[in-house]
Amino acid sequence: MSFSNSKDKSVVAVYKLVKAPIYSHCFSQDKSILAVTCETDCLVYRVSNNTPPVLFATLKDHDKTITAVDISIHGRIVTCSQDRNAYVWEPLSDGTYKPTLVLLRINRAATSVTWAPNGYKFAVGSSARIIAVCYYEHENNWWVSKHIKKPIKSTINCLSWHANGVLLAAGGTDGFMRVFSGFIKGLDSKESVAGSPWGQKFPFGCLIREWYQGSYIHDVEWRSQMERIAYVAHDGTLNVVDYQSPVQSVNAPEGLPYRSLVWINDHEIVCGGYSCHPVLFSEASEGWKFAKNLDKSDNNKSSALTASGNTDELSGNNDESSTFGISALRKFKELDLKGKVSTDVQESAHENAIVELRPFAESNGQITQVSSCGLDGKIVIYTI
């Protein structure tokens with residue numbers, strides 16, 4: 001484990017926690033607890049200011065890769081896995097967690113999980129073409145699920161609850177972005193959706209809206225106060241839509257798909273993915289557009305090759321479209337000629353793809369810091 005600070009001012013902290021990909025992470029409400037996935041385990045860390053996270057619990061009941069983790073407002077941890085199971089972990093006074101198996105009733109891997117805002121139910125996406133909405137049944141003392149099936153035709157990659165705890169946005173590999181009703185009788189109240197612009201009646205499992213994107217949907221996030229949804233797709237686009245307007249799309253400046261997004265405020269969104277650094281987009285009068293890169297590696301400053309004596313072929317254009325090709329060519333030529341790569345390049349904090357972004361700090365209704373996890377086993381905190 002290591003704790004370090006980057007030269008880039010947008011990077012607050014870098015935690016190298018494990019030597020395996022981190023597919024999902026989550027902080028507790030007070031940011032004192034950090035849960036990360038690591039193969040078949042969920043590692044729970046205690047976090048304090050300016051010190052590395054300290055591991056204090058390992059949640060071990062899954063026997064296949066854990067795909068997602070989330071923490072409720074009450075401190076309960078939920079995990080889901082490729083073993084087709086989900087567990088709710090109740091924190092105990094001695095610092096341990098008590099697991100409770102959730103009856104998902106699916107025959108394929110569970111892929112995503114998210115708590116509803118009230119912390120009394122959660123939704124699990126799966127490769128079984130099913131969304132399982134799970135809640136606690138006091139009579140039988142266990143967590144049970146109700147299924148949303150139609151018209152889902154493929155794996156569910158991502159889920160997001162509206163602030164009212166009823167509307168559930170879902171995206172997956174069938175190329176559709178959909179909004180369903182996750183209303184649970186006896187748990188949710190009709191007053192919570194009274195006056196909603198999305199409709200008048202919300203029976204469980206009802207399809208409210210759908211939009212066809214034509215490529216995998218990797219992540220989705222509500223902006224509830226504006227009744228808007230943002231999602232990122234494998235075609236390298238960020239898309240924003242509401243209940244009446246057509247989809248507004250903006251392309252990633254580097255052409256690489258994003259895996260996750262976070263609303264910063266009503267008019268700004270930060271995305272992260274295969275470019276290994278966050279990218280900020282903003283809304284202007286003409287629509288959404290690229291605003292700036294955060295913690296982007298500075299490939300343009302790397303030294304030219306001198307061993308080959310042929311620097312002309314690397315000088316070329318320095319525009320954005322040619323940067324990747326030039327830097328890749330330089331890297332492999334240096335490996336071939338010198339056995340190493342020049343180290344005067346400022347690298348980004350993440351060395352591999354960013355898989356998930358989460359809000360970390362907020363001030364006056366605006367997100368000021370976000371956290372990320374990646375395939376390099378790092379947790380990074382950025383200032384926007």
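Backbone N, Cα and C atoms are what each Cβ position is placed from, and that goes for glycine too.
Panel annotation: around the repeat 'WD 1' (61-99), residues 23-29, 33, 35-42, 44, 106-115, 117-119, 122, 124, 126, 132, 134, 143 of the same chain, lying at least six beyond its termini, place a Cβ under 8 Å from a Cβ of the stretch. Annotated repeat 'WD 1' per Swiss-Prot: 61-99, in sequence order.
Listed by sequence, the residues of this chain that lie at least six past the ends of the repeat 'WD 2' (105-146) yet keep a Cβ under 8 A from its Cβ atoms are 64, 67-74, 76, 78-86, 88, 152-161, 163-165, 168, 170, 172, 180, 182, 184, 187, 204-205. Summarising the annotation, Swiss-Prot assigns repeat 'WD 2' to 105-146.
Proximity of distant same-chain residues to the repeat 'WD 3' (151-190), defined by a Cβ-Cβ separation under 8 Å and at least 6 residues beyond the stretch ends, is recorded for 108, 111-118, 120-121, 123-127, 129-131, 133, 135, 196, 198, 202-222, 224-225, 229, 231, 233, 239, 241. Swiss-Prot lists 151-190 with the feature repeat 'WD 3'.
The repeat 'WD 4' annotation in Swiss-Prot covers 212-251. Taken through DSSP, the repeat 'WD 4' (212-251) splits into 3 helix, 24 strand, 13 coil.
Marked as repeat 'WD 5' by Swiss-Prot: 349-383. The helix, strand and coil residue counts that DSSP assigns across the repeat 'WD 5' (349-383) are 0 helix, 25 strand, 10 coil.
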### Query
Over the repeat 'WD 3' (151-190), what is the model's mean pLDDT?
97
